[in-house]
Amino acid sequence: MNVKKTENALSLTLKNFIKSESFGGIFLFLNAVLAMVVANSFLKESYFALWHTPFGFQIGDFFIGFSLHNWIDDVLMALFFLMIGLEIKRELLFGELSSFKKASFPVIAAIGGMIAPGLIYFFLNADTPSQHGFGIPMATDIAFALGVIMLLGKRVPTALKVFLITLAVADDLGAIVVIALFYTTNLKFAWLLGALGVVLILAVLNRLNVRSLVPYLLLGVLLWFCVHQSGIHATIAAVILAFMIPVKIPKDSKNVELLELGKRYAETSSGALLTKEQQEILHSIEEKASALQSPLERLEHFLAPISGYFIMPLFAFANAGVSVDSSINLEVDKVLLGVILGLCLGKPLGIFLITFISEKLKITARPKGISWWHILGAGLLAGIGFTMSMFISNLAFTSEHKDAMEVAKIAILLGSLISGIIGALYLFALDKRAALKK
């Protein structure tokens, strides 16, 4: 299959995803830079105090709410993970993860890209209070990685973009498993049973193919609360909810009705302004088209811009700000070195070595249209951990280990920046080299 055929095989949904995530990556970067500037300016005290401001409502002596930081990390990030869960479900059912042949190479790459960074970090920080941060360099920020690829444009094969997206989706799934297994404390089984009950109700709704999103979202709020109270991070509830959202398209006459409405619109007279009849027809077309979409597609379409242009940039602005002064101890255990080496060295080596060995052992096969040099380049870009790595660092280090958290954030920013620059320069040079050979 040549590059032209691969280009044609890339679905419209995937193209839109690349575009939105790429622009989202640039916006994320600007918010991270702004956070660092503000955190090291005369506004730093106001900046840090802002995130500890309680937000909610008071009933007598009882306060219902969280600090702004918790609203972002626990509530808004749950919406982000809901979108991630929807993307994973779609890819598992219809996309690049829908068959073993398609999924094996990027999934194996994702596994290698998580194990190697985690081992590097753990080896450097074993038997220290910071060893629990091994999950930090395991993550990949798809928005940033695709932002870099967008800047490279046609210098990057489309097949490599597909591979990187699929790898990142598998990486997100791995990150969810890591959070559930290693960053869960003080389990409360009564709340877990409550969560299980909600999941069973959601499963029944899915089985009955209830297409309205309202009952799913209302039960999702209840599920979030039960999981939050159980000791498991609440974002896991969002992923579970995503897998319960129906994906079936209704089998009815709405597509025929759409064609008839289209013919009616074409037959109406056109002028400078739409007539009342044309407006009514267009409104009907919009309603029928929306009804043809599955609940999963509707929810994903709704969440994508909110996540890309509001939730993740806000998360970056709230979490990337680190005050770099003489009081910060960069030598806390080996956190700085562990995170940077994990992202910059562990990611590309893990992805390259495990896929190379797997192909030699005939476990999987490299996608057509990309070379091993391209795989190494994708591995470098996968070292951009940023938002996902920061999210895990917030779970790994408590307030008692604040120094390690601050150092981890600096390391994430440095490691992600180094990986992005080296990855971009490497792929640019690779394209130049290929052009000279022609």
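Keep in mind that glycine also has a Cβ here, set from the backbone N, Cα and C atoms.
Noted in Swiss-Prot for the protein shown:
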type: TRANSMEM; residues: 23-43; note: transmembrane segment
type: TRANSMEM; residues: 62-82; note: transmembrane segment
type: TRANSMEM; residues: 104-124; note: transmembrane segment
type: TRANSMEM; residues: 133-153; note: transmembrane segment
type: TRANSMEM; residues: 162-182; note: transmembrane segment
type: TRANSMEM; residues: 185-205; note: transmembrane segment
type: TRANSMEM; residues: 221-241; note: transmembrane segment
type: TRANSMEM; residues: 302-322; note: transmembrane segment
type: TRANSMEM; residues: 337-357; note: transmembrane segment
type: TRANSMEM; residues: 372-392; note: transmembrane segment
type: TRANSMEM; residues: 410-430; note: transmembrane segment
- Message: Would you say the transmembrane segment (162-182) and the transmembrane segment (23-43) are in contact under the rule of three or more C-beta pairs closer than 8 Å, pairs 6 or more apart in sequence?
- Response: no
- Ranking 221-241, 372-392, 410-430 by Cβ pairs under 8 Å to the transmembrane segment (337-357), which is first? 372-392
- Message: So if I exclude everything within five residues of the ends of the transmembrane segment (62-82), which remaining residues of that chain have a CB under 8 angstroms from its CBs? That is, six or more out.
- Response: 50-56, 176, 220, 224, 228, 233-239, 241-242, 299, 303, 306-307, 311-312, 314-315, 318-319, 391, 394
- Query: In terms of Cβ proximity under 8 Å, which residues at least six beyond the ends of the transmembrane segment (133-153) contact it?
  - Reply: 18-19, 21-26, 28-29, 113-114, 117-122, 125, 160-161, 164-165, 167-169, 171-172, 174-175, 178-179, 182-183, 308, 312, 335, 338-339, 341-343, 346-347, 381-389, 391-393, 395-397, 404, 408, 412, 415-416, 420, 423-424, 427-428, 431
- Note on the structure: Per the Cβ filter (under 8 Å) with a sequence gap of at least 6 from its ends, the transmembrane segment (221-241) is approached by 74-75, 77-82, 84-85, 88, 176, 179-180, 183-189, 191-192, 194-195, 198-199, 202, 395
